[in-house]
Structure formats: structure tokens, C-alpha cells
Amino acid sequence: MSDLGGMFEGLGVTFATMFAEPNTEFYPEEKRTLAAGYHGRHQLNRYADGLEKCIGCELCAWACPADAIYVEGSDNTDDERYSPGERYGSVYQINYLRCIGCGLCVEACPTRALTMIPDYEMADTDRGALIYGKDRLLAPLEEGMEPPPHPMAPGSTDEDYYRGAIGPVDGPEAAR
Ligand code: SF4
Ligand code: SF4
């Protein structure tokens, strides 16, 4: 193609683009609707009465290919119980400078404590702020939940919790 032909071809692209529908995104003023099941940042979930699902087993940390998760497990006691199991995650951190969002940690979690939620607004200029601890990863308390530590539902076992047979604190006694 001659130089002149190439120039007109380029101008054609320019003119066609001038009249095309703009696809500019006006983030953050306008936010896109995310796909169902979008995997953003992680969340540590709770049971319906507020106890934590994490048992501090570290399987998520071992599954992580980016070495982004740090977990320390501690023993629950009768006086101070955070999860229905023997242990709970007393320290839980995810380093979002390392995380590649692969979701392998979620697959490895035996109690479905760890999921990924549609929250992607995590940019920061402070590297330290991108290491999330339990204070930011734990799911918020919903209606019917009590903040741990507190005892398990009367007469229940940890298996009742794992099977999802435990209801909210103020729910029907049979469901607890
Ligand atoms: S999503 Fe992947 S990279 Fe991120 S913490 Fe989980 S396993 Fe590690
Ligand atoms: S999030 Fe799941 S896999 Fe990770 S320590 Fe807690 S219970 Fe274990």
C-alpha cells in the first residue's frame, strides 16, 4: 500500500472513531455491575450466632501459591470461645501485595470460612495498609449474631455448626 493509501486508511479509522459510541467508564463516580460470584477481596465468615468459622488450620496458607496468607491458630477455652472447633484463627493476615486472586485458598478451606466477595476497592499508597488482618477480613455482625467470645449454642456440637444446623441467637431454640 502506498504512503497515501496508508494515510487515508488511518484517517478513516480516526473519523469512524469520532462518531462511534464512547465506551469511557466514569469510575469511581459510576460503578459497573459485577458478575455474579465476582471474586474480589477475601472475607472470613461467621456462623449465624456470630462464632467464627475459621478454625486456624492453616490449610489456606499452605494452598496459597503466592505465600500471601499468614495464620496463627490458638485453642478455644470454655471461658473464651471464638469458633465451634478446638481452635480458632487468633491471627489471620492476607498480604494483598502478593495475592494474585487465584482462589485456591477458598477451595482449601474445610469450613467455608474463607470466601471472596465483590469488593475490589483496595488501592492504597501505603504498603503496610495492604496487609489485611482480622479487623478488616472478618464478616460484619448481622442481626442475630453476638460478637465472640461466647459459648456454643446450648446442647450443640461442633458438627451441628458444620452442618449448618445453628440459627441466630434470637432464633427458634430448635434451630440453635
Ligand atoms: S487468592 Fe490465591 S494468591 Fe490470593 S491468598 Fe488466596 S491462594 Fe493466595
Ligand atoms: S480460613 Fe479456612 S483454611 Fe484458612 S485457617 Fe481458617 S479454617 Fe483453615
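Each Cβ is built from the backbone N, Cα and C atoms, and glycine gets one as well.
Copied from TrEMBL, the annotated features are:
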- 44-74: domain '4Fe-4S ferredoxin-type' (DOMAIN)
- Cys54, Cys57, Cys60, Cys109: [4Fe-4S] cluster 1 binding site (BINDING)
- Cys64, Cys99, Cys102, Cys105: [4Fe-4S] cluster 2 binding site (BINDING)
- 90-119: domain '4Fe-4S ferredoxin-type' (DOMAIN)
- 143-176: region 'Disordered' (REGION)
Which binding-site residues (Cys99, Cys102, Cys105) fall within 10 Å of Cys60 ([4Fe-4S] cluster 1 binding site) by Cα distance?
Cys105
Sorting the binding-site residues Cys57, Cys60, Cys64 by sequence and keeping only those with a Cβ under 6 Å from ligand 2 gives Cys57, Cys60
Quick one: which residues besides Cys64, Cys99, Cys102, Cys105 have a Cβ within 8 Å of the [4Fe-4S] cluster 2 site's Cβ centroid, in sequence order?
Cys60, Ala63, Pro65, Ala66, Ala68, Ile69, Ile94, Ile100, Gly101, Gly103, Leu104
Reported as an integer number of Å, what is the Cα distance between Cys99 ([4Fe-4S] cluster 2 binding site) and Cys54 ([4Fe-4S] cluster 1 binding site)?
19
Whole-number Å value for how far Cys57 ([4Fe-4S] cluster 1 binding site) lies from Cys102 ([4Fe-4S] cluster 2 binding site) (Cα to Cα):
20
By the 10 Å Cβ-neighbour count, the most surrounded of the binding-site residues Cys57, Cys105 is Cys105
Select, from Cys54, Cys57, Cys64, Cys99, Cys102, Cys105, each of the binding-site residues with a Cβ positioned under 6 A from at least one atom of ligand 1; if none does, say none.
Cys64, Cys99, Cys102, Cys105
Cβ-Cβ under 8 Å from Cys64 ([4Fe-4S] cluster 2 binding site), same chain, 6 or more residues apart: which ones?
Cys99, Leu104, Cys105
Which has the fewest other Cβ atoms within 10 Å: Cys60, Cys99, the binding-site residues listed?
Cys99
